[in-house]
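**Student:** First, the structure itself, so that you have it in front of you.
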Amino acid sequence: MKNAFKDALKAGRPQIGLWLGLANSYSAELLAGAGFDWLLIDGEHAPNNVQTVLTQLQAIAPYPSQPVVRPSWNDPVQIKQLLDVGAQTLLIPMVQNADEARNAVAATRYPPAGIRGVGSALARASRWNRIPNYLHQANDAMCVLVQIETREAMSNLASILDVDGIDGVFIGPADLSADMGFAGNPQHPEVQAAIENAIVQIRAAGKAPGILMANEALAKRYLELGALFVAVGVDTTLLARGAEALAARFGAEKKLSGASGVY
């Protein structure tokens with residue numbers, strides 16, 4: 001078993017991604033052919049469930065883009081279900097400390113290394129037990145990325161980085177800026193300093209730093225600092241702003257929204 005995304009991070013090859021929030025397999029397949037290295041299927045803020053994640057994994061599978069799935073929480077039951085339908089790389093939100101990071105890793109591993117329940121006869125991940133020795137190979141194919149999104153998590157970054165089985169640490173600029181008192185303004189100098197310091201610290205620890213940033217200049221800056229998995233846009237934003245701009249060019253009465261969202 002292989003995990004191309006995990007292998008790329010280990011090799012130090014920067015991976016450029018796109019966030020998927022439309023919760024739709026048709027749009028996921030459309031974007032899978034766009035040329036991004038990875039696509040994030042969002043179960044935290046988008047209206048996804050296990051079934052919709054499954055259909056998007058199936059839609060992306062024939063393409064080079066690698067799927068990353070974000071569950072709604074660091075929940076071992078939800079993680080088990082997502083792994084069984086075929087997710088190999090998970091982005092776990094709101095990890096605050098090393099204990100929570102260890103719990104995330106344990107949820108992705110079969111015993112004795114972890115607590116993942118065995119249900120491979122029912123699982124797409126094992127191709128319904130058609131993959132020889134799946135139970136003995138699966139642990140090594142898992143890629144665990146944890147999100148740090150608060151001042152508390154930032155203060156615990158060193159201990160989180162020491163957790164065995166953590167492949168990467170993703171900095172959440174929207175929640176971090178809100179927690180630091182600058183909601184909606186991740187470009188505030190204090191937030192930017194925290195992000196840049198974290199990227200350097202994560203890379204120095206031998207882990208992969210990641211972030212979502214639609215501002216092209218900042219995204220390139222993070223890559224220069226050593227970020228290895230960077231999402232540079234969101235499908236919902238691309239569709240909304242693109243549609244508004246097209247309508248405006250043809251004299252639509254509705255003014256452009258002037259959206260002020262983080263992404």
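Don't overthink the numbers, they just go from 1 along the chain as shown.
For all residues, glycine too, the Cβ spot is worked out from N, Cα and C.
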**Student:** Among Gln96, Gln137, Gln147, indicate the single residue that Swiss-Prot lists for the substrate site containing Ala174, Asp175.
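**Tutor:** Matched candidate out of Gln96, Gln137, Gln147, per Swiss-Prot for substrate with Ala174, Asp175: Gln147.
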**Student:** Check the Cα-Cα distances from Gln147 (substrate binding site) to the recorded positions His45, Arg70, Asp84 and tell me which is shortest.
**Tutor:** Arg70
**Student:** Other than Gln147, Ala174, Asp175, which residues of the same chain sit close to substrate? List them in sequence order, counting a residue when its Cβ is within 8 Å of the Cβ centroid of the site.
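**Tutor:** After dropping the recorded site residues, what remains is Pro93, Met94, Glu149, Ile171, Gly172, Pro173, Leu176.
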**Student:** Give me the CA-CA distance between His45 (active site, proton acceptor) and Ala174 (substrate binding site), in Å, as a whole number.
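**Tutor:** On Cα coordinates alone, these residues lie 12 Å apart.
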**Student:** State, in Å as a whole number, the widest CA to CA span among the substrate-binding residues Gln147, Ala174, Asp175 given in the record.
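**Tutor:** The span, Cα to Cα at its widest, is 12 Å.
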**Student:** Name the secondary structure element type, per DSSP in three states, that contains Arg70 (site 'Transition state stabilizer').
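**Tutor:** In three-state terms, Arg70 (site 'Transition state stabilizer') counts as strand.
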**Student:** Just to verify a number: CA distance, Arg70 (site 'Transition state stabilizer') to Asp175 (substrate binding site), in angstrom, no decimals.
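**Tutor:** Here the two Cα atoms lie 15 Å apart.
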